[in-house]
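Enquirer: Annotations for this protein, taken from TrEMBL, read as follows:
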{"type": "DOMAIN", "residues": "37-283", "note": "domain 'G-protein coupled receptors family 1 profile'"}
{"type": "TRANSMEM", "residues": "20-43", "note": "transmembrane segment"}
{"type": "TRANSMEM", "residues": "55-74", "note": "transmembrane segment"}
{"type": "TRANSMEM", "residues": "94-114", "note": "transmembrane segment"}
{"type": "TRANSMEM", "residues": "135-154", "note": "transmembrane segment"}
{"type": "TRANSMEM", "residues": "201-220", "note": "transmembrane segment"}
{"type": "TRANSMEM", "residues": "232-254", "note": "transmembrane segment"}
{"type": "TRANSMEM", "residues": "266-285", "note": "transmembrane segment"}
Amino acid sequence: NFSRVTEFILLGLSDTRELQVLFFTVFLLAYTMVLLGNLLIIVTVRTDPKLSSPMYFLLCNLSFIDICCTSVTAPRMLVDLLSQRKAIVFESCIAQLFFLHFVGSSEMFLLTVMAYDRYTAICKPLHYTTIMSRWACWVLVCSCWAGGFLHSITQTLLTIQLPFCGPNTVDNYFCDVQPIIRLACTDIYTIEWLMASNSGLISLGCFLVLVTSYVLILVSIRGHLTQGHWKVLSTCGSHVMVVTLFFVPCIFIYLRPFCTFPFDKYVCIIYTIFSPVMNPLIYTLRNKEVKESMWRL
């Protein structure tokens, strides 16, 4: 009700026509890989009874979240790369902000749950089926979505209550909290600290929990590695690669109030596009059971 701005202008990744065509080709290919790769994982896990363990149940949910996360930003970016005027109405901008943080924070929580699953499998193997029962897995996944919703609705409410009266130019290819709130016609000192303590601390907190879980795994199995331990550690290695690709850019972007860099929008590409592309490759190429199930499918 307090906003005078009816639309925002997204500057995108480049204003050079040749680079826009190049970006469109690369990101169209990447988005196609995200859809096909993650859908293939979902179908494989759902159709193969051998892939019924909690790890594959969580992997299936991760693939679904990756599709959602990329679909929030990629289609709009692809359209804008071929458009002369990259305008997005205020309501659509806020909706994009909400859904990006919704699925993004849900993925952070889910990756943390996946680390807990690996910790339980390695450090408490005799109690694994009891601790990570089907019911427990559903509760954990639903909790991830609930946590993502609470985080996102907080970010959205803090943003829409700000007055926007111009300018309306956003130096990014999608609507995110930092570039949007800096266009507000009011002092945003408190808001920026709240945003950093919300998004930034969630990213950092989940990342520290993940690192701690892997340290505990390494400490618990040192000196008596079996073939089963090596197999699970291989899965953990894949998980670490996913975590690094996703969390490090998020921490860099969201844990810096009052500070922006021109290359921030290129850093955002890592966790909105490339991380969802790498997830299917990492989890399939390093997992013999998934590869065999895909060949049978």
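Glycine residues also receive a Cβ, built from the backbone N, Cα and C atoms like all the rest.
These numbers come from a predicted model, not from an experiment.
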Enquirer: Tell me if the transmembrane segment (20-43) touches the transmembrane segment (201-220). I count contact as 3 or more CB pairs below 8 A, with pairs 6 or more residues apart.
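Expert: The answer is no, given that the two segments have fewer than 3 Cβ pairs within the 8 Å cut-off.
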Enquirer: Counting only residues 6 or more past its boundaries, what in the same chain has a CB within less than 8 Å of a CB in the transmembrane segment (266-285)?
Expert: 13, 27, 30-31, 33-34, 37-38, 40-41, 59, 62-63, 66-67, 69-70, 72-74, 100, 104, 172-174, 176, 238, 241-242, 245-246, 249-250, 252-253, 291, 294
Enquirer: Check the domain 'G-protein coupled receptors family 1 profile' (37-283) for me and report the mean pLDDT.
Expert: 86
Enquirer: Hey, which bits of the same chain come close to the transmembrane segment (94-114), Cβ under 8 Å, at least six residues off its ends?
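Expert: Contacts with the transmembrane segment (94-114): 55, 58-59, 61-62, 65-66, 68-69, 72-73, 76, 88, 140-141, 143-145, 147-149, 151-153, 155-156, 159-160, 174-177, 180, 199, 202-203, 206, 209-210, 239, 242-243, 246-247, 250, 271-272.
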Enquirer: Could you give the residue numbers and ranges of same-chain residues that sit at least 6 residues beyond the transmembrane segment (135-154) on either side and whose C-beta is under 8 angstroms from one of its C-beta atoms?
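Expert: Residues 54, 57-58, 61, 98-99, 101-110, 113, 116, 198-199, 202 contact the transmembrane segment (135-154) from elsewhere in the chain.
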